[in-house]
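*Asks:* Structure incoming, see below.
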Ligand SMILES: Nc1ncnc2c1ncn2[C@@H]1O[C@H](COP(=O)(O)OP(=O)(O)OP(=O)(O)O)[C@@H](O)[C@H]1O
Ligand SMILES: [Mg+2]
């Protein structure tokens, strides 16, 4: 039994024209696995992530996270499930301007009304791991994008979630910061054994994963596993993307 | 499509954004119009409300106009701020500064014209209701509806001018660069509010010295000083001290880092600082309104007690008893109406007492008192020389101590008087009365420098009941007749008639006018406050939606969102009222000492009513706001 079980998942958006965004997806992510989701624009990546992160509900099919089905929960229960079991990293960081970095990071714990001592310990540990101790008392607009994303990762992991979900975490970052952020994610995956699911356009980011799953027109198309070498894996991803009809020629291998 | 067409279409398309602006402008027009319609009513102009009332109404119309002006000004800027993004798009599409200004000008003139029209129409619909209300509060005969040409004329002129001026000043409201910034999302997040410790300290000092000044001495000048200090203190309280307090609160992580506190307390500093000036204004106006309400209602109550407690319907004060013209007039009038009366001649001497500041008493002859006492069934005791029967009025707050055994006079040549017995009853004005035997009275007279006037008190048994008389009672009719007669001859002869009924009625009418105007001002003001807050909230709505959407994703529940948002809205609504409440209590408990009856309760009732109105608005605004935010919760 995997940490995340997706069974026959479909999503249809009903509008003037109904769109079948996801069709019959089956996917299992094991405990401690780091999985990337890739695909062309409009292929259904965000939709899939939203289903898993319980932000949106599936039209049919089932999702089990740690053997629980969040889509059967009530709304308030669901919010609690999200902040206890899941961690989120977003492209736009989603940090609050009115809070300092430290306050942003401990926010999930304060909502759980944890003790000050516990919060301080966890904050210290996670800040050291992510190398953001110096900026803890700064505000979000006083630090760089990379630092902001690391703070967001700290917030997403401070409560030791069973599953970390990331939607384009490097989308707003330059390549150096991207690399740095991905290294942090890799480190957390290795040291804490946190299961991770990452949606990205960026082959560099995807190359840090153990496995990359490709979606085409709402269906699982293919998946490739990483061997020993990240450089090789990166090349494989680019090849796969160009095969899928992406725009691989725009991506240069120089970034690796 | 011409630019003018574009302006028209713009309004049609963006209906919801315009509705708030339009309805508030229209409301402002309606308020002023209704008010003007009332004060220019032909019957009101003729009504005997006195000079004070007409001046009061005049002032109130200026206040109403200033409020309306501020209100429209605020609406316009809130409205334009909401639409900044649209202006950004137009700028990018190549609209020139001039075109943009022309667009905004046209839009505002269109909305302004329509809201003047609908405001007047709405005012006409409500006019009858309002006239009925005024009729009742002011106790006037029924006010028929009329064609309010003058009111329409003034309203149209005032508001069209207002809209024209404001529409022409749009460049003041919209900075194109800002619009672009907004569109490109490059507007920086707001910096953390800063405050100066020194100014915060100044606030504490001025506020406390304000209380000190007014407590030490109470007169016009000290009240003025206290008010000035209070204004300064309150201003810095909202702009500086509040920020300092919140910062201290944040230092206490046990509270701050607990549940949703982290969310709303962090927002609080921004919200208070952003709205400091509005809070300041609301607090001041509310305080003044509630304090005056307290005092005015206390005056009204006092007049009522005075009327009820005073046993004499008429009093004649004359310096010379050889001028019987006043008594003759009263008696003749009463006889012709077939009303029985008793007349008591009294010659009272006024003395000041030693050691008690501002404390006087009237001394009367026992023989004169006996007459009165028999009719009013008051105790009669025998008095030796230099013994006295002390009668303290019930209506005055200045009471002599109950355990007083003798009276010592400020004039040291006068002998002391032993108090043989004392009781409470209002007889001659609100001054204590000392009854002495005729010999003592004559002895005291020798040293008395003032001329002793001859007064007559008229007791009319059929008029003495516990109810206050209505405006068509016999007492009031006769009182009015006598007072009018008195005024016509007053200046030639040394003396005058005082009638309790007429005095009562005059105070009642005076206070009624003040209360009516006050109610009107408080009513519009509270609607304006609510709308200010509404605009404030909804102009930040987009930002708040993003805020809560983000939080919702990481697991903020609907319940927690509601609580956080409720706290934020409640603070906006209740912070100023809270401080107005404190100020009113301080103000009334100090000023209220001057008056006799329950000023504080009345002031608190005024605040209570205000809180109740605001609470209704609070729930409406909250419901609408939460409904919007609920949509973004995932
Ligand atoms: N709320 C919605 N309502 C209707 N259709 C939607 C909605 N969200 C997404 N879609 C449609 O579903 C399909 C999948 O969208 P999705 O956002 O999952 O793509 P994506 O793979 O994340 O694309 P991108 O790489 O551009 O972010 C698209 O065709 C999109 O138009
Ligand atoms: Mg997407």
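Glycine residues also receive a Cβ, built from the backbone N, Cα and C atoms like all the rest.
Remember, it's a predicted structure, so these values are computed and weren't measured experimentally.
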*Asks:* Which range is it, out of B:483-505, B:598-620, that shows up in TrEMBL as transmembrane segment?
*Replies:* B:598-620
*Asks:* Between the stretches B:100-131, B:278-299, B:513-535, which one has more Cβ pairs under 8 Å with the transmembrane segment (B:59-80) than any other?
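*Replies:* Between the candidates B:100-131, B:278-299, B:513-535, the best contact partner of the transmembrane segment (B:59-80) is B:513-535.
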*Asks:* Apart from its near flanks, which chain residues at least 6 from the ends of the transmembrane segment (B:195-215) lie with a Cβ under 8 angstroms of it?
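*Replies:* Sequence-remote neighbours of the transmembrane segment (B:195-215) are 222-223, 225-227, 229-230, 232-237, 239-244, 247, 273, 586, 590.
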*Asks:* Pull the DSSP breakdown for the domain 'ABC3 transporter permease C-terminal' (B:59-174) and write it out as helix, strand, coil residue counts.
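*Replies:* Taking each residue of the domain 'ABC3 transporter permease C-terminal' (B:59-174) in turn, the totals are 99 helix, 0 strand, 17 coil.
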*Asks:* Can you tell me which of B:20-39, B:100-131, B:278-299, B:513-535, B:598-620 gets the most C-beta pairs within less than 8 Å of the transmembrane segment (B:569-592)?
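*Replies:* So the stretch in question is B:278-299.
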*Asks:* If you count Cβ pairs under 8 Å, which stretch among B:20-39, B:100-131, B:221-246, B:278-299, B:598-620 touches the transmembrane segment (B:513-535) the most?
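*Replies:* The stretch with the most contacts is B:278-299.
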*Asks:* Please give the sequence-distant neighbours of the transmembrane segment (B:221-246): residues at least 6 beyond its ends with Cβ less than 8 Å from one of its Cβ atoms.
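*Replies:* Long-range Cβ neighbours of the transmembrane segment (B:221-246): 193-197, 199-200, 202-207, 209-211, 213-214, 265, 268-269, 272-273, 276-277, 279-280, 283-284, 579, 583, 591.
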*Asks:* How does the model score the domain 'ABC3 transporter permease C-terminal' (B:59-174) in terms of mean pLDDT?
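*Replies:* That stretch averages a pLDDT of 81.
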